[in-house]
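So that you can see what the record holds, here are the features copied from Swiss-Prot:
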- 32-39, 641-648: ATP binding site (BINDING)
- 309-589: domain 'ABC transporter 1' (DOMAIN)
- 609-937: domain 'ABC transporter 2' (DOMAIN)
- 252-279: zinc finger (ZN_FING)
- 740-766: zinc finger (ZN_FING)
Amino acid sequence: MRDKIVVKGAKVHNLKNVDLQIPRDKFVVFTGLSGSGKSSLAFDTLYAEGQRRYVESLSAYARQFLGQMDKPDVEYIEGLSPAISIDQKTTSKNPRSTVGTVTEIYDYLRLLYARVGKPHCPKCGKEIQQQTVDQMIDKILELPERTRIQVLAPIIKGRKGEHIKVIENIIKGGYVRARIDGEIIDLQEESVKLEKNKKHTIEAVIDRIIIKSDIRSRLADSIEIALKLSEGVVIINVIDKEDILFSENFACIDCGISIDEISPRLFSFNSPFGKCDYCDGLGTLLEIDEKLVIPNKSKSILEGGILPWANTVTNEDSWTFSILKALSKKYNFSLNTPIGELDEEIYNMLLYGIKGERIKVRYKKDGRAVDFNHTFEGLMNTLKRRYMETNSNYMKDNIENYMSDNFCPKCKGARLKPEALAVTLGEKNIFEFCKMSIREELRFLSELMLSNKNKIISNQILKEIESRLQFLIDVGLDYLDLARMAGTLSGGEAQRIRLATQIGSSLVGVLYILDEPSIGLHQRDNDRLIATLKRLRDLGNTLIVVEHDEDTMRAADYIVDIGPGAGEHGGEIVAAGDLKTVMETEGSLTGQYLVGKKKIDIPINRRKSNGKSIIVKEAKENNLKNVDVEFPLGTFTCITGVSGSGKSTLINEILYKGLNKKLNNSKEHPGLHKEILGIENIDKIINIDQSPIGRTPRSNPATYTGVFDGIREVFSNTTESKMRGYKPGRFSFNVKGGRCEACKGDGIIKIEMQFLSDVYVPCEICKGKRYNRETLEVKYKNKNISEILDMTVEESVDFFKNIPKIKNKLQTLMDVGLGYVRLGQPSTQLSGGEAQRIKLASELSKRSTGKTLYILDEPTTGLHIDDVNRLISIIQRLVDGGNTAIIIEHNLDVIKSADYIIDLGPEGGAKGGEVIGIGTPEEISVNIDSYTGHYLKKML
């Protein structure tokens, strides 16, 4: 096998005919400025070609489901292995996806609980035993005399297929009837054809009996036959009543409860046999929230105190006003009384209605007053009913403004049926086990006391679970729990989970391509991550890691520095070799930082607070230990601490959601805390995260920053536009008129691939230009609107230099290092770091109020050291305007540049959630309890 991967003539995106040789079975780092072409080379060239070759090796039948994969723009690649990409973008937002299911640990857990778990009665909690035939008969004979019953033997339960053989065997056994999918079928008279792809339940009718005192012997024979046929389970179908289930295996005689066979699917919240029926296995329910319906009880009904009625209650001709007027007359209350001062009975009546009563409502329609006798179901019930009945997405979205997620009242968030939760192992059910931290779970399993028989049964299962838990600990995720929803994980956490899963698979000879695995990881945990990456390499794999972390670069076998600049100014190999080679390469910006020629300077002065602050009192969400935290205003404050110490909980779940609820009436519930003081000191809160600036290719930097409005105005003021009567709307690709109607102004056509990701292809009519021919005939300085959208920010700053309104907004994009981005670049093609900097640029271009609080969660994701330097300057500019920046960060260059640090810890998970230190970087660096301080000391 070749010892190198040879890339010849790569031209994907901004790559400039790149030739590169990468050593195989080594740990290789790709680095360079944000937008220099690292991802284009790693993901869009190497990974894409590896995937394409793999797909081409499949049969034509398999390929038809995967679609045609385009060949990357590269002359050739030699020595390429099958490629696996572990990036940060593929986190599942499906509420059914958890850490346990993603890592497949939950599958092994289900098997473990099914094989060695102890079943208990879900009602009384007693450990349940097997039932004898005599016990079953005694229970049946308690039914009233002359009750008609059928003895059924369940043969197939919820399985797909035509089940022809099963039905034939029932007939051969001499049974003439069967209950199929709940319906009794006469097998002699009807030919049964079942749909192959649907799930079916088949139960043979063994006997039909009328309860009498002398049927004991016959009943015993029938039950024994049924038990034999169905492997220990019998169903007594009481005509016109509910079935009674008996099991030779597990039943509580006291409560009369029998449990079906304990199989792995009983513990699956995605299976109809295991999931909680009330919440459908989600653990939460979206319900109308009284606090969102009435956020301010000091307002009266006529003042809009009840939000869903706020727009219609002031219109005296509306139905809402008419019915409320009738209610106020009948129950003697005023619509001008503050809601909080209404009698409890009136308050409840408005929300939950009046049962069994009708009220006389006078309603004006078309100038005529009409009297109705009408029921009133209450606002909460009306909203719930409309939400369930409507097919309108607009209506659903509107009602969802008054809804919030709450724990399911039946399963209390556990997602499973009571029968599943009644099975324990070491005194814990499967949900209680999953709620422990991964480190605690590993300890629990190592201390588990099992009988010799159960040890033999569970030996292999436990090995699989324990090894996977250990891999998660190795990548710094010991603080997570298996019940955590995958959608709530950060990009870095999700990526490291997939990394741990890959180590568990022990593949050899694979090309792994990773996207910044160090994101979200404290310096303390970085060594373990690097050791894990080396372990993956030592198995016999090639690792290409797109990374900016200095420790990772120093640990790599080979570094490829791509640049020298970003976008149009990048796409070349600046340096390639070991650490020493890169450090000695003159043109390498990375090398200059590694060798110390360039560095991020420590601020000469640190700001003092403006004397005002925001204080979070008694924060106790997740692992926070009832802490009080004061955030000084007018400063740049960093929130630090090891992974899982409570940073995101404190800032995103409590501070941001709490302030957003107060300032913007957000429907999101903040995490548990007593109160937030000092809210009057700010007027705006903005969370500048790395989520996309838009969900579709229709959104782009020009539309997001608002610069496109000015550009459209310029085009509408040209002589040609005035002659044709074109207004600014003519140059919008979102409305009819000037856009290409074939692609509705997208420039591309979306092809839905059903169970695969959607595929986008260029529009054949406008050739991707978005506009129709007439619109493109209008030019400003010899450029049409499509050509403007194709310009980079850098080109457009010069192009619009005489129009301050446009130039100033574009200049802020230049200031944040996005000169290489095209104005019309679809948001779907922007990295998280680029999206975040576009949001920062948009904020910089606005007039500062001096009372804005900015929150950023790990803004250095995807940024080179030089980009980080620029980011710090932007944050300092925002704070210089009197605003406040609160930043969650592990990057020591950002931390050393802050005015204040709030350090949480000391550990992650249950051992975290305390404030370890508050102060300047210099003060934190001498705090002996602070891991952050230990690493920070070397930087100051």
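Glycine is treated like the rest: Cβ placed from N, Cα and C.
Here the features listed in Swiss-Prot are painted onto the structure.
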residue: G32; record: ATP binding site; contacts (Cβ under 8 Å, 6+ apart): K38, D561, I562, G563, G570, V574, L589, T590, H864
residue: S34; record: ATP binding site; contacts (Cβ under 8 Å, 6+ apart): A566, G817, S831, G833, E834, G862, L863, H864, D867
residue: S36; record: ATP binding site; contacts (Cβ under 8 Å, 6+ apart): N14, I562, G563, P564, G565, A566, G570, G571, H864
residue: G641; record: ATP binding site; contacts (Cβ under 8 Å, 6+ apart): H522, K647, D903, L904, G905, G912, I916, Y931, T932
residue: S643; record: ATP binding site; contacts (Cβ under 8 Å, 6+ apart): G476, L477, Y479, E493, G520, L521, H522, D525, G908
residue: S645; record: ATP binding site; contacts (Cβ under 8 Å, 6+ apart): N623, L904, G905, P906, E907, G908, G912, G913
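DSSP states for the zinc finger (252-279), grouped as helix (H, G, I), strand (E, B) and coil, give 4 helix, 5 strand, 19 coil. Mean pLDDT, taken over the zinc finger (252-279), works out to 87 on the 0 to 100 scale.
Counted within 10 Å of its Cβ, the other Cβ atoms near K647 (ATP binding site) come to 26, all protein chains included.
In the three-state DSSP scheme, K647 (ATP binding site) falls into the helix class.
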